[in-house]
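What Swiss-Prot says about this one:
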type	residues	note
COMPBIAS	14-37	compositional bias 'Basic and acidic residues'
COMPBIAS	69-80	compositional bias 'Polar residues'
COMPBIAS	242-256	compositional bias 'Polar residues'
COMPBIAS	265-275	compositional bias 'Basic and acidic residues'
DOMAIN	288-346	domain 'PWWP'
DOMAIN	630-908	domain 'SAM-dependent MTase C5-type'
MOD_RES	Ser102	phosphoserine
MOD_RES	Thr120	phosphothreonine
MOD_RES	Arg167	omega-N-methylarginine
MOD_RES	Ser239	phosphoserine
MOD_RES	Ser251	phosphoserine
MOD_RES	Thr257	phosphothreonine
MOD_RES	Ser386	phosphoserine
MOD_RES	Ser389	phosphoserine
MOD_RES	Cys706	S-methylcysteine
REGION	1-183	region 'Disordered'
REGION	226-281	region 'Disordered'
REGION	443-462	region 'Disordered'
ZN_FING	489-519	zinc finger
ZN_FING	530-586	zinc finger
Amino acid sequence: MPSSGPGDTSSSSLEREDDRKEGEEQEENRGKEERQEPSATARKVGRPGRKRKHPPVESSDTPKDPAVTTKSQPMAQDSGPSDLLPNGDLEKRSEPQPEEGSPAAGQKGGAPAEGEGTETPPEASRAVENGCCVTKEGRGASAGEGKEQKQTNIESMKMEGSRGRLRGGLGWESSLRQRPMPRLTFQAGDPYYISKRKRDEWLARWKREAEKKAKVIAVMNAVEENQASGESQKVEEASPPAVQQPTDPASPTVATTPEPVGGDAGDKNATKAADDEPEYEDGRGFGIGELVWGKLRGFSWWPGRIVSWWMTGRSRAAEGTRWVMWFGDGKFSVVCVEKLMPLSSFCSAFHQATYNKQPMYRKAIYEVLQVASSRAGKLFPACHDSDESDSGKAVEVQNKQMIEWALGGFQPSGPKGLEPPEEEKNPYKEVYTDMWVEPEAAAYAPPPPAKKPRKSTTEKPKVKEIIDERTRERLVYEVRQKCRNIEDICISCGSLNVTLEHPLFIGGMCQNCKNCFLECAYQYDDDGYQSYCTICCGGREVLMCGNNNCCRCFCVECVDLLVGPGAAQAAIKEDPWNCYMCGHKGTYGLLRRREDWPSRLQMFFANNHDQEFDPPKVYPPVPAEKRKPIRVLSLFDGIATGLLVLKDLGIQVDRYIASEVCEDSITVGMVRHQGKIMYVGDVRSVTQKHIQEWGPFDLVIGGSPCNDLSIVNPARKGLYEGTGRLFFEFYRLLHDARPKEGDDRPFFWLFENVVAMGVSDKRDISRFLESNPVMIDAKEVSAAHRARYFWGNLPGMNRPLASTVNDKLELQECLEHGRIAKFSKVRTITTRSNSIKQGKDQHFPVFMNEKEDILWCTEMERVFGFPVHYTDVSNMSRLARQRLLGRSWSVPVIRHLFAPLKEYFACV
């Protein structure tokens, strides 16, 4: 070991002078190289590798150090716990592997061989972060190693100076200021449709996984506490704290140890650190279970509840943000604390205009105040009405009382009474809102209980049972074991609250699934198939029938559950696959088709009496000698289908007043009926004075536009906005045209609209018209599917639909000579050009000259029952004529409805 005495002073001075000169020469060479190649960058010796957008280029005078590796390679084992690591990275301390062909390739641990002074010593492999070389502490260096140590310091200073000049040249990743990780926020709403049953199953599964993980962690903690060895204590003391990126909501918490540990132990430590870290401990309030107001762009302040990331099934929220479950729809969002307010700020956050306009907002307010009143112990007595149809008013009254209580400051307990109980602060606890009964759908279920002690009511425990357990799978298993009757369960969702039989298959159906079936049974996508499953009116993956004349779909979940495991995969492999409605067999596992399903389906829609009304007034037939010509008021007349049918039936028409705004429709009516129609323009401009002047009327007919009512339209505005409001114009003029009291002359009316409308809109229309609709599908009397609702007081509207000899029931009967139909019936023809295409493969319905072809306009007119060339006026294009037909009525259906009028009015 060389001495460090005074005798070596002169030699040391000479060596330092040589080192200084050598360093200056290298610095000049480096400056020349940088001026010649400004894009080349020097790589630091001993710096742990990290990913960059541009790979660094090593300079010629920089020795290759075996300790310099990529991010995935371990650091030198000599590095102590004080060495800096890239933020959020976990580097295992193990022996580095030298590169093949390097001078140190044969040395263990990368140590340089004797006599090789150009190699970087192990001390040079210390961690360098942000341009600073961090030296080790607690290690003594002998005087004999002074030269190597000084040389290393000089090299580090050179590299530091070079980095100072090139700051930012390597991109954001190499500069002092790091580019923040993008924050991924989850706004309200899911990227795809998720049924309520599927979401509940996911929540239950996440809960079970969370509880299982918590048990494993508890066992691991108990085992670690029993192992009180000194080595484990050293490991725990030497472990640096876990670091988490504050800008990344999904960055995991990692734990590091100074020495390599076994794989199992590493997994234990990582799992424990990730799961045991408390949530929302940033000192900014809003803990788990608290009721809050949250603000998202485009929405009013919306009530929600702070929940754990476990419940969302996604990643942890970043510091300063919270996971919020919104009341009303039960969806999740990450919201920063600056956009949150406590529920006690009800006066400033509650928005009365949104409450009056949006049913979902009313539902959310109801649910959050139910929870708040339960926590505060505030009792709001439920209103009990003898008529179940008035339960919507009871809900409104109760909601109004709760809002007044909230606006008054949640007295007497105040904001203190809104704090969550201890059991709701558990991050693994799932929260479910009380059942909401919409005012327009209140007759479907009784109003919810007002406070917790009333859990003995019949409705709430059943809802809890459906939510908390995979009831459908369990009940189907019991049916297979002959322990339960399938008619006693809802085969659509698994509910035990069966109110009627499923119209297509053996099994029951609950009220909620009935509402879904009424909305979705006749809702079709652009490919002509049903939008949702025939059984459950849901499903994300559906199997489409291969029969060209069938348009039904079945979801994979229902098929595997009711038919048998693996049945869906077998159906996918079968090509073409005939569904369970058009297959030859009637029984497929537990799925048994009803033999009388056509009549049951018709009665399902015809007897859909959610509201009971007085039967319409029945007029006795008028003696033949006293019959007079009919006077008609036609609103939204279209192409005068009503007048055409009356003429076909031979009924004399005295006056036909029509309200229409489409110029093409008016042209068709004027030309085809020789000016016998009196057009009066926009329906909104017709007043009561006009009705008295043009009347009296014997028949009022109309069908308002369905664009904003059909649930097929994702941008629909409903009954009270857009074109949906035109229904109230029909109601207004119908009221003005009714005979006055004491006038017993026969008076009839008819209103038509689409079947695929929301249940609430249908109920509102029925409430105003004081009549329940009948559903009639034109496929029974024509070559096209066209299901429509009809409200009215025409005699015999509920009678079976029967075709006549002149009705063209097959598409082939409607085609011109030389053209072959590929389908027996076509899907509903709308104003859109692609509605002509049929099937999942979007085939044209006609085959001509060995090619597929569309329907000609004359053929579409035959499909609707119009005379040939009925719309061929004023050089209208094919698409314009299709738009007129797509908005019109089916002539055979209107003939079926108008036929009884021959007993009341004069005929030719």
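Every residue gets a Cβ built from N, Cα and C, even glycine.
Counting every protein chain shown, the Cβ of the residue listed as 'S-methylcysteine' has 22 other Cβ atoms within 10 Å. In terms of DSSP secondary structure, the domain 'PWWP' (288-346) contains 8 helix, 24 strand, 27 coil. Residues in the zinc finger (530-586) partition by DSSP class (helix H, G, I; strand E, B; coil) as 15 helix, 7 strand, 35 coil.
The zinc finger (489-519): residue composition by secondary structure is 9 helix, 9 strand, 13 coil, according to DSSP. Over the domain 'SAM-dependent MTase C5-type' (630-908) the predicted model carries a mean pLDDT of 89.
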